[in-house]
Amino acid sequence: MERDLESAPPSAPRPPLGPPLSSSIGLALLLLLLALLFWLYIVMSDWTGGALLVLYSFALMLIIIILIIFIFRRDLLCPLGGLGLLLLMITLLLIALWNLHGQALYLGIVLFIFGCLLVFGIWIYFLEILWRLGATLWQLLAFILAFFLAIILLIIALYLQQNWWTLLVDLLWLLLFMAILIWMYYHGPRHTDEHHHDDSLPHPQQATDDSSHESDSNSNEGRHHLLVSGAGDGPPLCSQNLGAPGGGPDNGPQDPDNTDDNGPQDPDNTDDNGPQDPDNTDDNGPQDPDNTDDNGPQDPDNTDDNGPQDPDNTDDNGPQDPDNTDDNGPHDPLPHSPSDSAGNDGGPPNLTEEVANKGGDRGPPSMTDGGGGDPHLPTLLLGTSGSGGDDDDPHGPVQLSYYD
C-alpha cells in the first residue's frame, strides 16, 4: 500500500488564482466612487423620503461593501460577498413591498421570509469558516452580536427616519464587514505552500538514482549473492551489517545488495521484513533465535535494534546517513570517504566492531573454511566482486581469518 502511494505520480497542482484584470479593477473603482457619491448625496440631502430613503442609502452601502470585497479580497466573494448580495436583494424587496397590495404583498412577504432564512444559513456557513480559520468562541460570539446589533439599529433607523442616524447605521455595517475582512486577512490561510513536501516520500532524483543503480548491478547479482551467502543454499556467511562498497541504503525492495531492502520480494535472504525468512538475519520479529535484528531497543547486541542511539553503523532504518549501511542515528561516525561518487562513505563500517562479539549471545557470524582448509582457519568473503581481477570492483574480495 505504501509502495503504491510512493510510486503514484503526484497530481497536477491547481494553478493559483491570478490577480484581476486591470480593466475590471478600474471598473470596480469607478463604480465604488459613484456609489459613494450617491450614498453621500442621499444621506446628506434634506429629502423627506421617509423609510425608503433609509433603505436606498443602506442598499448603496451594501453595493459599496460588495465592491470593496471584489477589489481587495476576491476569495471571499462566495461567503461574504454572497451575504451582502442577499442583503441587497432583501432591501430591494422591502422597497418593493412598500408599494404592493393584496396577493402580491403576501407573495412578497413569503419571498422576504425565504430570503431572511437564506441569509441566516449563509451567516452560519460563514461562522463555520471563521471557526476553521482559528476563531475562538468569544470571537464568534462578538461577530454574532455585532451582526444582530446592526440589524436592530437598521430597524430603529426605519422608524426614526433621521439622516444622521441613517449615516451612523450605514457606517456601522461598513465597519462590521471591514472588521471581518481584516480579521480574515491576518488569520486566513495566506501564502500556503500547495506543493507540500512529505519527507517520508522519496525524492524524484533519489528514485532515478535507485533505478539506475538497479539496472547497472543486475548483471552482477548472481556473483554478489554467491560471495555474500556462500555456495549453495546454506546460510549466509555474514550478516548485512558488514555491507559492501557496491551496495547502498536505498531502502527499496529492488536493491541487488544485501544492505537493507525492507521488502518481501528481495533476491537475497538478508532483510525482507518477514518472519518466514530462511535465515536468521532480520525477520523483524522479537522471537528470532538470533540477536541480529529483533526490532527492539533492548537487544544485547549492537547490530540493528531499530533505534537512533546504536553505536554501530549497521542499520537503523534511515536512508539519509552518510554511510553505505543505513543507520539513521545521530551518533554514528563520520563518513570515511566523502569523495565517493554515490555520496556514501564508500566502504564498510569498522570490522572490529562488527566481527568481535561484544558480549552478546550472537556469536561469530557464519563462516566457511575457504576451500577445504583447516576448519580452525575460517575466512570471510566480503564485498561484491568475485575476484581481484574483476574490472567492476577494483577492491576485490576481502579475506579475514580467525585464529584460536
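Including glycine, each Cβ sits where the backbone N, Cα and C put it.
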Answer yes or no as to whether Swiss-Prot lists Gly50 and Trp98 within the same topological domain, that is, on the same side of the membrane.
yes
Scan 14-18, 204-208, 244-248 against Swiss-Prot and say which stretch is down as motif 'Interaction with host TRAF proteins'.
204-208
Are there at least 3 C-beta pairs under 8 angstroms linking the transmembrane segment (24-44) and the transmembrane segment (76-96), leaving out pairs fewer than 6 apart in sequence?
no
Flag the pair the transmembrane segment (52-72) / the transmembrane segment (24-44) as in contact if three or more Cβ pairs fall under 8 Å (sequence separation 6 or more).
yes
Same chain only, please: residues at least 6 beyond the ends of the transmembrane segment (140-160) with a C-beta under 8 Å from a C-beta of the stretch. Say none if there are none.
51, 54-55, 58, 123, 127, 130-131, 166, 168-169, 172-173, 176, 179-180
